[in-house]
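Asks: Got a structure here, written out as structure tokens. Questions coming.
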Amino acid sequence: MTTKVRVAVVGASGRMGRVLIEAAKHQDVITLGAAIERQGSTLIGADAGELAGVGCVNVAICDSLDNVKDDFDVLIDFTSPDASMLHLEWCLRHKKPMVIGTTGFNHAQKEQISACAEQIPVVFSPNMSVGVNLMWKLLEVATAVMGQDTDIEIIEAHHRHKKDAPSGTALKMGEIIANTLGRDLEECAVYGREGITGARDRNTIGFSTIRAGDIVGEHTAMFADIGERIEITHKASSRMTYANGAMRAAFWLYDQNAGLYDMQQVLGLS
């Protein structure tokens with residue numbers, strides 16, 4: 001491919017939106033084609049690059065995907081579950097590929113994403129970081145070797161503004177561990193503990209959540225036995241790691257057929 005893939009960023013003025021715009025500015029194979037904000041925003045008409053602090057990129061923020069449908073190839077969405085579903089429906093109508101980094105979807109929404117992906121290409125991942133996706137592969141190995149004989153705990157920490165808990169990344173960690181052990185996460189997960197809980201059931205997977213300050217994202221899976229424990233940890237110090245992963249996903253997705261993909265496939269890990 002000789003031409004750059006044009007991406008649209010929805011939620012352009014948000015924390016992640018601005019980082020996505022910055023990431024697009026510094027990509028060799030990606031260019032920013034459109035930036036979208038909610039109707040009524042005072043930022044409509046502003047230059048997206050100026051908003052993100054990377055200088056003028058000659059892309060004005062608009063309030064409707066309809067107005068820029070011919071200006072981009074792939075939509076990138078890190079907004080909210082309800083907003084993402086509306087954007088997905090728009091992409092379905094206009095046959096646009098979509099990268100979804102939003103977390104907090106319910107079961108019905110996930111089913112709808114899968115259904116839409118039968119007609120358009122979709123990358124859907126709770127975490128676009130290359131490091132996190134490598135961690136997920138390491139979890140499979142650790143679980144296969146020692147998961148049956150250890151107490152497994154997942155600890156995650158994020159900034160005080162994050163709305164969903166546990167994080168989508170933590171839940172994905174739990175799903176990988178449970179699937180490797182042949183268990184159902186819905187049946188074996190324990191979310192927090194309080195009071196007199198009794199002895200720990202080794203067949204459970206515990207989750208602990210921290211919300212504090214400006215923590216970008218930290219995730220640890222602990223495999224604890226008598227006398228030793230293994231901890232697999234990923235710490236993000238900047239949202240740029242997620243944004244760069246999303247750009248990589250958008251470039252990869254542009255040439256794909258309709259289907260539901262994840263970052264493991266984008267990175268060639270599965």
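Cβ coordinates come from backbone N, Cα and C, glycine included.
Note that the coordinates shown come from a computational prediction; the quantities given were computed from them, not determined experimentally.
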Asks: If Swiss-Prot says Gly11, Ala12, Ser13, Gly14, Arg15, Met16, Gly101, Thr102, Thr103, Ser125, Pro126, Asn127, Met128 bind NAD(+), which of Glu37, Glu89, Glu111, Glu140 does it name for the same site?
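Replies: Matched candidate out of Glu37, Glu89, Glu111, Glu140, per Swiss-Prot for NAD(+) with Gly11, Ala12, Ser13, Gly14, Arg15, Met16, Gly101, Thr102, Thr103, Ser125, Pro126, Asn127, Met128: Glu37.
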Asks: Can you tell me how many other Cβ atoms are located within 10 Å of the Cβ belonging to Gly168 ((S)-2,3,4,5-tetrahydrodipicolinate binding site)?
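Replies: Excluding its own Cβ, Gly168 ((S)-2,3,4,5-tetrahydrodipicolinate binding site) sees 17 Cβ atoms within 10 Å.
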Asks: What number of additional C-beta atoms lies within 10 angstroms of the C-beta atom of Glu37 (NAD(+) binding site)?
Replies: 24
Asks: Restricting the comparison to the binding-site residues Arg38, His159, Gly168, which residue's C-alpha is spatially nearest the C-alpha of Gly11 (NAD(+) binding site)?
Replies: Arg38
